[in-house]
């Protein structure tokens, strides 16, 4: 993974504790207001931020010039979909050459099979022809692999969030495309350390997003195993179904943890 040119939510402790500085102030306000409220066995709501559940930067297995880049920013892609092809003239020619060599070797073996059965050719000659045939088969497999490396498939289903290269440009190990999974979508929540141990994986959560009237249901999917000493906080990730695509990355939100769920 290399540099990104637009927004990116890094799943690192540095990123989470940076997030803590922006979310924790709002969360502590609610925490203080509800501290003596018996109807809130877990203090809520807490501020959160919506992020993609996964994000990848695609790069090519081999160097080359882009022939086709089949998606643009905002396009949906499916796992396994071909998103980019490199110029492959040399590789296609190599496949065709080896195919011709294999066809010739196979015909040679077939033509001489009857002669071998009649002992009109030696074992050594027969072995030589069969070896040529097997070598051609291996060479064809290798040529096809090299050709397949001239295209790139998406490893996830998601949405294109950045197109870094265009057809005609050279690519190597540098990324040419960024894809994010928005269903499910994640909400990152930063909680005060005194709540550590009171939140459990799989716990149900109600979420309200800025500018949305609806309430969304989710579940706690990740609880950080450590508490940050500097901010006295820990981070929690909530996973939500986003089939309707009504929740967007970068939206601010609030979450309430449902007790006993």
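Positions of Cβ are set from backbone N, Cα and C atoms, glycine also.
Per TrEMBL, these features apply:
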- 56-174: domain 'CzcB-like barrel-sandwich hybrid' (DOMAIN)
- 190-257: domain 'CusB-like beta-barrel' (DOMAIN)
- 1-32: signal peptide (SIGNAL)
When the pLDDT values for the domain 'CusB-like beta-barrel' (190-257) are averaged, what is the result?
-> 94
DSSP puts the residues of the domain 'CusB-like beta-barrel' (190-257) at 3 helix, 33 strand, 32 coil
